[in-house]
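**Student:** Pasting a structure here, questions to come.
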Amino acid sequence: MAQAWAFLLPVLVFGSYVTSLFFPSYISGPLCGGDGGGRSLFLCAQAPKDQDPSPAVSTMYKTAFHFQPAKNWMNDPSGPMYFNGFYHEFYQYNLNGPIFGDIVWGHSVSTDLVNWIGLEPALVRDTPSDIDGCWTGSVTILPGGKPVIIYTGGDKDQHQAQNIAFPKNRSDPYLREWIKAANNPVLRPDEPGMNSIEFRDPTTGWIGPDGLWRMAVGGELNGYSAALLYKSEDFLNWTKVDHPLYSHNGSNMWECPDFFAVLPGNNAGLDLSAAIPQGAKHALKMSVDSVDKYMIGVYDLQRDAFVPDNVVDDRRLWLRIDYGTFYASKSFFDSNKNRRIIWGWSRETDSPSDDLEKGWAGLHTIPRTIWLADNGKQLLQWPVEEIESLRTNEISHQGIELNKGDLFEIKEVDAFQADVEIGFELASIDDADPFDPSWLLDPEKHCGEAGASVPGGIGPFGLVILASDNMDEHTEVYFRVYKSQEKYMVLMCSDLRRSSLRPDLEKPAYGGFFEFDLEKERKISLRTLIDRSAVESFGGGGRVCITSRVYPAVLADVGRAHIYAFNNGSATVRVPQLSAWTMRKAQVNVEKGWSAI
């Protein structure tokens with residue numbers, strides 16, 4: 001369960017090119033937004049003064065192809081699975097409004113991970129062990145094709161325990177009704193050293209070599225954060241193993257742990273309960289510090305423990321699933337297409353009063369295929385192929401050269417609903433600026449200090465999206481290339497500081513680094529999906545992913561927006577291929593299996 005309450009505190013154009021006059025070395029104050037001569041200047045040191053929103057917070061911020069219910073609050077994905085021809089998405093849902101509270105398990109089904117039918121809640125708060133909330137959990141498919149939900153419930157004193165539910169009728173293709181086990185809760189935090197209010201979010205179960213089921217639960221043990229390990233013969237009666245799957249003494253409570261097997265360089269998924277191929281690694285993910293982090297290592301069967309390849313004490317250096325507004329992710333093995341899929345919760349970053357006016361809050365990111373890179377060091381992610389079924393009106397350009405200060409407008413696509421794929425080829429790598437390893441501790445800070453208005457040797461180059469006519473509003477997604485002693489480091493940023501003129505918004509600069517062998521690859525790829533208030537960007541083939549929430553006034557006012565490719569580095573950047581599509585609207589919880597969705 002994500003502790004959601006913590007988040008509530010709250011042109012002069014020549015053809016398609018724009019001249020280098022758009023890139024003064026550093027502009028501020030009255031020059032921001034224009035130079036007095038009709039030219040648009042967007043790389044400002046200081047954003048224009050906020051303006052009040054439209055009389056009503058526009059429904060235009062509702063996404064067109066992301067998963068979200070028609071109304072009210074949602075947070076964590078819970079128990080995704082593929083079963084009997086349908087994908088099931090359960091999620092944390094408030095039946096009563098667009099604020100956190102009264103949490104039940106929402107439920108939707110799909111055949112393609114794009115279009116969803118909303119159903120009645122699978123689990124509601126109606127027993128003593130879950131009266132405070134039906135919190136996050138997982139689904140495990142038992143032998144014989146028997147799905148079982150295991151989830152965290154809170155009692156009247158907010159003590160947490162794990163509960164189980166089974167489908168009432170497995171022949172129902174939608175699995176609408178679920179029956180809770182009579183002996184719930186099946187797992188309590190009764191052991192010495194455990195914290196009864198920090199014990200939640202059980203993982204999908206897996207079978208060990210001894211034939212026993214295993215499961216991890218996020219918790220605190222003797223003040224340490226841990227993925228606690230449990231065993232069972234029948235999935236109903238559980239015994240705590242005398243050591244955790246893994247623990248750490250320097251981090252906050254681990255929420256929403258996830259544990260799965262991956263094979264280096266192979267994007268096929270692995271079922272953790274099946275035979276794991278030789279050479280496979282394991283990933284342990286935890287939601288902590290308001291972000292999702294992970295480690296790569298091995299599952300030591302003799303010790304029944306996860307062993308990281310590299311033990312990093314400073315959790316600021318732990319690997320990240322996503323560097324933006326992304327939390328409480330959940331993965332599952334998709335037996336339909338033999339892949340592992342992950343998605344996360346992206347919260348709103350406007351104000352709670354905006355959410356009340358909108359009548360909804362929260363969405364899930366586009367489902368992503370997730371696998372291990374060839375070098376076995378990091379996870380890669382890419383939107384599932386099904387999302388491409390929404391593409392229409394393809395625009396394609398080849399052989400674009402971007403010199404310092406150039407903007408190239410990507411026209412004839414819907415700038416509010418678009419999928420853009422672009423590759424940047426570097427003519428020279430000699431101009432890369434030196435890399436400072438201390439930047440790894442806070443890449444967001446470095447993105448803020450070295451924004452797109454600050455020229456570098458190689459970069460910044462990337463995309464300007466959701467840009468208003470006069471550039472007063474725009475979001476930048478871009479790269480900078482640095483030279484370390486024996487390798488190149490690429491910084492990817494998603495800078496929202498000038499994304500909107502509306503007040504009371506979070507407008508940070510997100511960022512993450514990745515290693516890149518520029519001498520071999522020479523090209524850095526970027527894919528950005530724009531869906532009104534949600535932007536998901538994938539850099540370097542999925543090495544860094546950044547989810548952003550943006551609320552430009554131009555969208556609320558039903559105005560016009562623009563997309564540009566740009567370069568503000570000294571080195572020329574070539575774009576061998578640029579493709580963009582308008583994205584059609586998906587049918588997300590519009591077809592109702594239940595009147596309240």
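Placed from the backbone N, Cα and C atoms, the Cβ positions cover glycine too.
Sharing the record's features from Swiss-Prot:
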type: ACT_SITE; residues: Asp76; note: active site
type: DISULFID; residues: Cys447-Cys493; note: disulfide bond
type: CARBOHYD; residues: Asn169; note: N-linked glycosylation site
type: CARBOHYD; residues: Asn237; note: N-linked glycosylation site
type: CARBOHYD; residues: Asn249; note: N-linked glycosylation site
type: CARBOHYD; residues: Asn568; note: N-linked glycosylation site
type: SIGNAL; residues: 1-20; note: signal peptide
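Help me see these features in their spatial surroundings.
**Tutor:** Reduced to three states, the DSSP call for Asp76 (active site) is strand.
Secondary structure from DSSP puts Cys493 (disulfide bond) in a beta strand.
For Asn169 (N-linked glycosylation site), the same-chain residues 6+ apart in sequence whose C-beta sits under 8 angstroms from its C-beta are Leu175, Glu177.
Within 10 Å of the C-beta of Asn237 (N-linked glycosylation site) we count 11 further C-beta atoms, all protein chains included.
Summarising the environment of Asn249 (N-linked glycosylation site), the number of other Cβ atoms within 10 Å of its Cβ, over all protein chains shown, is 10.
All protein chains shown were included, and the count of other CB atoms within 10 Å of the CB of Asn568 (N-linked glycosylation site) stands at 29.
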**Student:** List the residues of the same chain that sit at least 6 positions away from Cys447 (disulfide bond) in sequence and have their Cβ under 8 Å from its Cβ, in sequence order, or write 'none'.
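**Tutor:** Result: Leu491, Cys493, Ser494, Asp495, Ala509, Tyr510, Gly511.
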**Student:** Of the recorded positions listed here (Asp76, Asn249, Asn568), which is spatially closest to Asn237 (N-linked glycosylation site) when Cα positions are compared?
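**Tutor:** Closest candidate to Asn237 (N-linked glycosylation site), judged by Cα separation, is Asp76.
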**Student:** How would DSSP class Cys447 (disulfide bond) in three states?
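**Tutor:** In three-state terms, Cys447 (disulfide bond) counts as helix.
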**Student:** State the Cα to Cα distance, in Å, between Asp76 (active site) and Asn249 (N-linked glycosylation site), rounded to an integer.
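**Tutor:** Cα-Cα, rounded: 25 Å.
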**Student:** Could you state the CA-to-CA distance between Asn249 (N-linked glycosylation site) and Asn568 (N-linked glycosylation site) to the nearest Å?
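**Tutor:** With the alpha carbons as reference points, the distance is 43 Å.
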**Student:** Starting from the Cβ of Asp76 (active site), draw a 10 Å sphere and report how many other Cβ atoms land inside it.
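**Tutor:** Its Cβ has 28 other Cβ atoms within 10 Å.
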**Student:** Can you check what DSSP calls Asn568 (N-linked glycosylation site), collapsed to helix, strand or coil?
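**Tutor:** Where Asn568 (N-linked glycosylation site) sits, the three-state DSSP reduction gives coil.
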